[in-house]
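Presented below is the structure to which this report refers.
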Amino acid sequence: MRTATYFFIFLNLSLAMFEEPAVYPLPFLVTSVLEVLCLLVFLGRLAHFATVTLHSVFWKDTKNICIMVAILLSLTDLAIYGVLRVYGVRSIRWSRIVRPIFLINFAESRQIRRAFRSIRNTLPEITYVFLLFMFSLLMFSLMALKLFGERNLKTAEGLPYFRNYLEIVFDLYVLVTTANSPDVMMPAFDFSSWYALFFIAFVIINTYIFMSLFLAVVYNNYKKHLKVMLGRGRMACC
């Protein structure tokens, strides 16, 4: 039963690759039948839990409530999407975002829930580093707007260069990953090679300092919370 549960969870999550918009599109009837089959298996697994668990314990378990709500939302969304499709109305399957709930909340996924709790407990402690990074990104974006916004520079595609603040924020955010380096700086560099200093300073501060600091804080806090949870697990076993 554990293997079957994992298989249908994997199948349910994999449907996103075959539903519109999809990488490998399949007919709606095929994907809907597979999804209903998965939901029926989840419902049967939940009914099995109910038969071997006290009713007072079963209904107080948040995991069971989450699974039931996820099944109800998925069926509702599937029915609405099917009706709209019959009438030729284009819509989006919003229930896809609830599918990971099945992966987390079944009893077989104890290790995944433990990792999820560690991540959840880590988030509040990395908020300050994240806010500091965002403040640096916003300030550099403002500096870029003042430096390049009034110089009528153009990108290689002929588009305005660094004239919209939100677009600047996004471009510099991508630059943190160095995915658009050095393309993002070439219009400014072609205008004056001294402008390269701005991008060098940005990469040093945000990519090499903030990202390293962010990674260290995430790792240390995640490791701390994971040790606490493992200690509690050993105590419960004893």
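Every residue, even glycine, has its Cβ placed from backbone N, Cα and C.
Going by TrEMBL, these are the annotated features:
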DOMAIN    5-224  domain 'Ion transport'
SIGNAL    1-16  signal peptide
TRANSMEM  26-44  transmembrane segment
TRANSMEM  65-84  transmembrane segment
TRANSMEM  126-145  transmembrane segment
TRANSMEM  194-219  transmembrane segment
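Within the chain carrying the transmembrane segment (194-219), a Cβ under 8 angstroms from the stretch's Cβ atoms is held by residues 122, 125-126, 129-130, 132-133, 136-137, 140, 143-144, 147-148, 172, 175-178, 181-182, 184-185, 188, all 6 or more beyond its ends. Residues of the same chain lying 6 or more positions beyond the ends of the signal peptide (1-16) and with a Cβ under 8 Å from any Cβ of it are 22, 31, 34-35, 37-39, 41-42, 45, 48, 96, 99-100, 102-103, 106, 108. Nonlocal intrachain contacts for the transmembrane segment (126-145), taken as residues 6+ away from its ends with a CB within less than 8 angstroms of a stretch CB, comprise 162-163, 165, 168-169, 172-173, 176, 198, 202, 205-206, 210, 213-214, 217-218, 221.
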